[in-house]
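Structure below; questions to follow.
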Amino acid sequence: MTPERDSLAAVLARRDWENPAVTQFNRLTAHPPFCSWRKADDAQRNQYAAQIRSLNGVWKFAWFSSPQAVPENWRLEDLTEAGTINVPSNWQMYGYDSPIYSNITYPFPVNPPCVPAENPTGCYSLTFCMDDDWLTEGQTRIIFDGVNSAFHLWCNGRWVGYGQDSRLPSEFDLSEYLQVGENRLAVLVLRWSDGSYLEDQDMWRMSGIFRDVSLLHKPTTQITDFHLHTHLNDDFTQAVLEAEVRLAGGVNDDLQLVLHLWQGETLAGEARATPGSEIIDERGGYDDRATLRLNINRPALWSAETPNLYRAVIQLRTADGELIEAEACDVGFRQVRIDKGLLLLNGKPLLIRGTNRHEHHPERGQVMDYDTMVQDILLMKQNNFNAVRCSHYPNHPQWYALCDRYGLYVVDEANIETHGMTPMNRLSDDPDWLPAMSQRVTRMVQRDRNHPSIIIWSLGNESGHGANHDALYRWLKAEDPSRPVQYEGGGADTAATDIICPMYARVDQDQPFPAVPKWSIKKWLSLPGEQRPLILCEYAHAMGNSFGGFAKYWQAFRQYPRLQGGFVWDWVDQSLIKYDADGKPWSAYGGDFGDTPNDRQFCMNGLVFADRTPHPALYEAKHVQQFFQFRLLPGEERRIEVQSEYLFRHSDNEILRWMLAQEGNQLASGEVVLDIAPQGRQIILLPAFPQPETAGQLWLTVRVEQPLATSWSEAGHISAWQQWPLEEKLCVSKPTRASVAPVLTMRDGEFCVTQGNLRWQFCRQQGWLTQFWRDDEAQLLTPLIDQFTRAPLDNDIGVSEATRIDPNAWVERWKAAGHYCAEPALLLCDADELADAVLITTAHAWQYQGATLFISRKTYRIDDHGEMQIDIGVEVASGMPYPARIGLSCQLAQVNERVEWLGLGPHENYPDRLSSACFDRWNLPLDAMYTPYVFPTENGLRCGTRQLRYGAHQWSGDFQFNISRYSQRQLMETSHRHLLQAEAGVWLNIDGYHMGVGGDDSWSPSVSPEFQLSARHYHYQIAWK
């Protein structure tokens, strides 16, 4: 460029950010990550490379409302008003304009390729020094690993180039622009570009230089690309490593290429070649390419279970053997293919235990650091995940190396989504957009294809299905036939996918949407002519208190071989930290930054909170997906069959521990070392059990423990468990000593019952137990009344909101029927004094606008031991929406900091999400009984409860309960968890019945029929002492 054309005005006049044919100027061709080692040993050991210089750190920064507002002199010198910002970062996290959370709707008027004139612009600059070592010879490159959404680069006032696609590197040759001594970079980043039309993912829309920036020095004669292929024979005992290498800069026949393959510190193989490829066509071959091959006998194969890695070092040497440079990467020998309708890895059919993962951090936005990436992987491995889908864009380059090392199967997904288009395929069927889409697919493959963890390529997400997809599918199959391709858009089973990969298809229920029906996953397999495997690209929408019915999917996966698992939506809540006036942090979601449009709390669908603490749903995923399955075999002898679902791992680090307990009290225990081949079984004979001396239910529990630490778990990690109820020991109860019979006193408006130091008061006008005294100390702050509602879950709300009511949502049906506004009308309140007890009988009709919704009948029997037995019968009116719960509620006066119960726990569980809950006697702090969902909802239920103790109170029966400092009303009316205010005493909810939470998706009613309260009559009993 001439100096005039270097000017900011000249560059901006072209409006490259509104031209889909322009995705870059002067950007170098994509390639695997380079280090340009100058010592082969350093490359082998992946040690520090002196040829890389990080430019991360503090940069000068100025923000403008549009690129036209940027002063011309900015490219030459720092502005006096410029502040500073850390790189990498999103500038919204520093208070410059606002993050926007939108699921589908574009955050600007849809008029492709145009974007708003008011286009927030970040102006970055950095001054750094260069000595002449890098400038006298070779090439100096600058690498931006991720910039959102488009940017222009100047160096020392001269325009260098332009790049877009926020999730892949942009790399430029700076050699001609640099000078010895001080140098200045200037980077103009645009928030919106035509590329933003291809980046309409369900996530926060943020901007800036949010991945690493670095300099790389390469020699003049250099390696510019290398592609590693691993080939295995039919029985996987012989392998060939093939390295295709490209060179540039003075390539001649005197150069040597050397390939070393290392297994740890052992050299496993060596190959040599000189530049020059095989003959390609009638014009010959490439003189700047070479292929090196070496054979490996009995390779240690790579899988997520056994992530065996080799290290390939490619050396470019002179004729005299002097090293010019070396590049290297880890290698995993593995084979991926689809055969007879099954996705196979190394010949074995995979069962994908997967999750979708956005790159998100509550304080750093979309900036990923090493520790957070490792934390995510360790949590996934510890909770029995073996796969991750990079939703919906290529991830930080280090992520893939970590997945290689720790062992996760990866779906690498192109940064393409046009969900807000009408129709969705408007761009993907437009040839003008093929170049932009092509760059996003081809560059992803060129960067990432050497990673063994990547087993599937994805063409993107929710972009309909168009001719551009078909063209890119064909390119992928030609360029990399070693991996299948998946793409869900257009119906999940188009010609552009090797895998049927629906999102939110249900197990048995068809959803016959126009044009793109979602068949049940069982039906999809049997469609005429369909032979592909089915792997759900998204399922089990884990938004808030959700994830019900997850076990049902896994029953189907294990029953039908071609149902090969799926990827849960999704891994981490995308809440962001804000600070209140006192500097206290709180978790924000869509709309909390004044962002418009926004989709509220729909950004929080994670199995873990944004800080990576687990949701209760994570425990359900761990248990349902566990790699060991158990059966208690029939017969007089106690035998347990343990089946391994590992495909490649022998159980060389597992002990099975068993325990026999009665009512939470351990009677016997033992342990057995597991010795199970991949996909094998082991029968374990347990010793004769001791006979219990008292009545009560027996439970047999087995746990698989790893005695030794692994790369992803500590010693003692429990990877699988199961529990069975055994026969209940029956004993003749011993007669109890007679006590003083309770006394009934009838006063004006009250029934009072006294037994020893206990006294109960019933209101005759209302029919409620209004007070309970123990040693003259009042125990209740509110009466014990019926409860039929819950603070709505996200799944109850669906897509309903104040400006757009969905009458099919559970919450709207409950509102319309009057469940939240029903008032009790007393039908009966009577008392009777027996020889050893007092009976109080009540009946209420719960009414709304003259219609009766529920009739509740109760009998309170207070006996001579001070125990109150409550017998409850509820009749539900016909034609009503099924209730959320059938139970009782009251506010207890005393606060005790511990809760003890005999039942399912220790974590929150619901009727359709309790596979992971274990029956035992639990004792937890009161605050641990509350699940801190960012958007407050019903939470904290414990099912299958036989006994509950809280302070001096004891309850027994067969019930579900939650106990909380917050009422259902407050949970329903509060928008964020930090706004909840602890109330006096505690709220106790005891349910005889509770509806499931659902979770197949969160925008339509998804509670399976068997977990809905569809009966007309209900009966349950509670004893309170």
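Note: Cβ is positioned from N, Cα and C throughout, glycine not excepted.
Below are the features I grabbed from Swiss-Prot:
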type	residues	note
BINDING	Asn103, Asp202, Glu462, Glu538, Tyr539, Ala540, His541, Asn605, Trp1003	substrate binding site
BINDING	Asp202, Phe602, Asn605	Na(+) binding site
SITE	His358	site 'Transition state stabilizer'
SITE	His392	site 'Transition state stabilizer'
BINDING	Glu417, His419, Glu462	Mg(2+) 1 binding site
ACT_SITE	Glu462	active site, proton donor
ACT_SITE	Glu538	active site, nucleophile
BINDING	Asn598	Mg(2+) 2 binding site
To the nearest Å, how far is the Cα of Trp1003 (substrate binding site) from the Cα of His419 (Mg(2+) 1 binding site)?
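With the alpha carbons as reference points, the distance is 16 Å.
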Should any of the recorded positions Asn103, His358, Tyr539, Asn605 have a Cα within 10 Å of the Cα of the residue listed as 'Mg(2+) 2 binding site', which are they?
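Within 10 Å of the residue listed as 'Mg(2+) 2 binding site': Asn103.
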Taking the Cα atoms as reference points, how far is Asn605 (Na(+) binding site) from His541 (substrate binding site) in Å?
7
Can you count the other CB atoms that lie within 10 A of the CB of Glu462 (substrate binding site)?
20
Just checking: which of His392, Glu417, Glu538, His541 have a Cα that is within 10 Å of the Cα of Asp202 (Na(+) binding site), counting only these recorded positions?
His392, Glu417
Have a look at the recorded positions His358, His392, His419, Phe602 and say which one has the shortest Cα distance to His541 (substrate binding site).
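Nearest by Cα distance to His541 (substrate binding site): Phe602.
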Does DSSP put Phe602 (Na(+) binding site) in a helix, in a strand, or in coil?
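In the DSSP reduction, Phe602 (Na(+) binding site) maps to helix.
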How many Å separate the Cα atoms of His358 (site 'Transition state stabilizer') and His419 (Mg(2+) 1 binding site)?
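Per the Cα atoms, His358 (site 'Transition state stabilizer') and His419 (Mg(2+) 1 binding site) stand 17 Å apart.
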Within a 10 Å radius of its Cβ, which of these binding-site residues (Tyr539, Phe602, Trp1003) has the fewest neighbouring Cβ atoms?
Trp1003
Looking at the recorded positions His358, His392, His419, His541, which one has the fewest other Cβ atoms within 10 Å of its own Cβ?
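With the recorded positions His358, His392, His419, His541, fewest surrounding Cβ atoms within 10 Å: His419.
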Out of His392, Glu417, Glu538, give those recorded positions positioned within 10 angstroms of Asn103 (substrate binding site), comparing C-alpha atoms, in sequence order.
none
What's the CA-CA gap between His392 (site 'Transition state stabilizer') and Glu462 (substrate binding site) in angstrom, rounded?
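About 10 Å separate the Cα atoms of these two residues.
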Whole-number Å distance between the CA of Phe602 (Na(+) binding site) and the CA of Glu538 (active site, nucleophile)?
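Per the Cα atoms, Phe602 (Na(+) binding site) and Glu538 (active site, nucleophile) stand 15 Å apart.
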Quick one: give me the count of other CB atoms within 10 A of the CB of Asn103 (substrate binding site).
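By my count, 18.
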By the DSSP assignment reduced to helix, strand and coil, which category contains Asp202 (Na(+) binding site)?
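In three-state terms, Asp202 (Na(+) binding site) counts as coil.
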